[in-house]
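A single structure is presented below for examination.
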Amino acid sequence: MGKGTCSRLAEAWQWGESRLNQTISQSRVGCYFKLEARKTTFTKELRAGLATFVTMAYIISVNSSILTDSGGPCTVHDCTADPHIQPGPNPDCRLQRNPGYDRCLAETKSDLVVATAAAAAIGSLAMGVFANLPLALAPGMGANAFFTFNMVGFHGTGPLTYGAALAAVMLEGALFLTISALGLRGRLSRLIPRGIRLASAAGIGIFLAFTGLQAGQGVGLVGPSASTLVTVSAGALERPAFWLGAAGFLLAAFCLARGLKGGMIYSIVFVTVVSWFRRTQVTIFPLTPAGEAAYAYFRRVVDLHKIKRTARMVDFKGLKSRAALVPLLTLLYVDILDTTGSMYSMAEYAGFADEKGGFEGEYRAFLVDAGSTIVGAAMGTTTMTTYIESTAGIKEGGRTGLTAVATAVCFVAAIFFTPVLTSVPTWAVGPALVMVGMMMMKLVKEIEWGEAKEAVPAFLTMILMPLTFSIANGIIAGIAVHIVMNLYEYGEVAARWVCRARVAVGEGRNQVSAAAGDVQAAAVVLPV
C-alpha cells in the first residue's frame with residue numbers, strides 16, 4: 001500500500017510539473033526565453049541553474065579569501081598601537097598579528113563575500129535576461145590572484161593601492177566593453193600566438209596551485225627556504241590543519257574521478273564544518289579575543305551584511321603611475337582570452353555554435369561580461385568572467401537564460417549567510433585552488449611540443465608565472481621570445497609585402513603612362 005501511495009504521489013508530481021512547464025512555455029516568459037524553440041522546460045532550467053551554482057559556489061569563499069590577502073582598504077592606520085613600544089602604529093603591523101588590523105581584515109572579508117555573491121548574481125542575471133544563454137558569471141580565478149599578489153601585494157605591499165587596482169579593473173572592463181561593442185575582440189585574441197594562449201591558462205593554473213599549497217593562503221605545505229627558495233614548511237606534516245586540508249583535497253579528487261558534481265564545494269564544506277568545532281587543534285575559532293568575536297558573528301548564521309569598506313573605493317588618481325600600465329594590459333589580455341575561450345567552448349558543448357563558430361546571443365554575451373566587470377569593481381571585487389562550470393548546468397539540460405537566472409537567485413540567497421561563509425579557513429580553500437589549477441592544465445596537451453617555435457615561448461610563459469610569482473612576467477617573456485624566434489619569418493613577410501607594393505606601384509605607373517599615351521594619340525587624330 002505504501003508503494004502504491006508513493007507511486008500515486010510520483011504521478012501527481014509529474015502531472016503538476018508537466019502542467020507547470022506547459023503553462024510557462026506558452027506564457028510571455030516562455031516565449032522570451034524560447035523554451036519550446038530550444039526544446040527545454042521550465043523545471044529543467046531550474047535544475048540546471050542549481051547544478052551550475054553547486055559546482056561554482058566555491059568561488060564565494062575562495063575569491064573573498066584571496067582578495068582579503070591583499071589587505072583590501074586596510075592600512076597601518078587600522079592597526080592597534082602597542083603602548084609598550086611607541087605611541088603610534090608600527091609601519092610593519094600589516095605583516096604581523098595585530099588586533100586592529102585583523103579586525104579590519106575580518107570586516108573586509110565579510111564585504112568581499114557579499115561583493116562576490118552580489119557581482120555573480122548581477123552578472124548571471126544579466127547574461128540570462130539579455131543574452132538568453134545558460135552561462136553564469138563570477139570573479140575569475142587567476143585574475144583575483146594577479147590582483148592580490150602582483151598589483152596590490154600581500155597586505156598592501158605591492159606597487160598599487162587597493163583603490164588604484166580597482167580602478168584598473170574598472171578601466172579594463174570599460175576597454176573590453178568598447179572592444180566588444182566595436183567587434184574587435186576576435187581580432188585582438190587572434191593576435192596572441194596560439195601556444196602562448198594555451199600556456200597562459202596552464203601557467204595561471206600552476207600559479208593558483210602554488211598559492212593553495214602555501215602557508216597563509218592555503219594548506220601550509222610549502223614555505224620559503226634560504227637555500228632552495230621553497231621547501232616543505234617547517235612542521236607542516238605535524239599540523240592537524242594540513243592533514244584536514246589534505247583529506248578535503250582527496251575528497252574533491254574522488255568526486256572528480258567518480259564524475260560527481262560539486263566535488264570542490266563538498267570538500268570546502270567538509271573541511272569547514274570540522275574546523276567549526278572549538279577546543280580542537282584545527283578550529284578556526286581559537287579561545288582568543290579575536291576568536292571569540294569571530295565565533296559570536298558566526299553564531300548569527302543569517303545576516304544581511306552591508307558592504308562598508310570595499311564599495312566606492314575606486315581611485316583613478318592612483319593610475320597615473322606607470323606601474324599601472326602593465327597590470328592593466330595583463331588584465332585585459334587574460335579577460336579576453338578567458339572569456340572568449342570559455343564562451344566558445346561552452347557554446348560548442350551545448351550545440352549552439354554554427355559552422356563559423358559563432359552562436360546566438362554572442363554579441364550581447366560579451367557586452368554583459370565586460371559590463372559585469374565594471375559593476376564588480378564598483379563593489380570591490382576583480383574581473384568578472386564566464387565560468388566553465390556552467391557546463392554542469394548545460395549537462396543537466398539547461399539551454400536558455402533561465403538557467404543563469406536560477407543560478408543568480410542562488411547567489412542572492414547566499415548573501416544572507418555571510419556569517420557562515422566568512423568562517424571558511426584557508427586550509428579549506430587551499431585544496432580548491434590546487435584542484436582548479438589541475439583543471440587548467442588540460443590545455444597543455446594541445447600545444448605543439450614538437451614545434452620549437454611554439455613550444456619554447458609556451459614553456460617560458462607557463463613556467464615563469466609561478467617562479468616569478470607574476471602572471472604578467474610570464475606573458476611578456478613568452479611574447480618576447482616568440483617575436484625573436486620568428487624574426488626571420490617576419491622579415492620574409494615584410495620583404496614579400498615590399499615586393500608586392502613595388503610591383504603594384506610599377507603596374508600603376510604603366511597604366512598611367514598608357515593612359516597618357518592614348519590621350520596624346522587621340523589629340524593627334526582630332527581634326528583641326
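Yeah, the Cβs are placed from backbone N, Cα and C, and that goes for glycine too.
TrEMBL: automatically predicted annotations, no manual curation.
Annotation source TrEMBL lists transmembrane segment at 112-140, 160-184, 196-221, 241-260, 323-345, 365-388, 400-421, 456-484.
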Quick check for me: are there 3+ Cβ pairs below 8 Å between the transmembrane segment (365-388) and the transmembrane segment (112-140), leaving out pairs under 6 residues apart?
yes
Counting CB pairs under 8 Å, which listed stretch among 112-140, 160-184, 196-221, 323-345 touches the transmembrane segment (456-484) the most?
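Against the transmembrane segment (456-484), the leading stretch is 196-221.
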Same-chain Cβ contacts of the transmembrane segment (400-421) under 8 Å, 6 or more residues past its ends?
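Long-range Cβ neighbours of the transmembrane segment (400-421): 33-35, 38, 40, 42, 45-46, 48-50, 52-53, 56-57, 60-61, 64, 110, 113-114, 117-118, 120-122, 124-125, 127-136, 297-305, 390, 393-394.
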For the transmembrane segment (112-140), give me same-chain residues lying six or more residues beyond its boundaries with a C-beta closer than 8 angstroms to one of its C-beta atoms, as numbers and ranges.
32-34, 45, 48-49, 52-53, 56, 59-61, 63-64, 67-68, 72, 305-307, 310-311, 334-335, 338, 343, 346, 350, 352, 360-361, 364-365, 367-369, 371-372, 375-376, 379-387, 389-390, 393-394, 398-405, 407-409, 411-412, 414-415, 418, 421-422
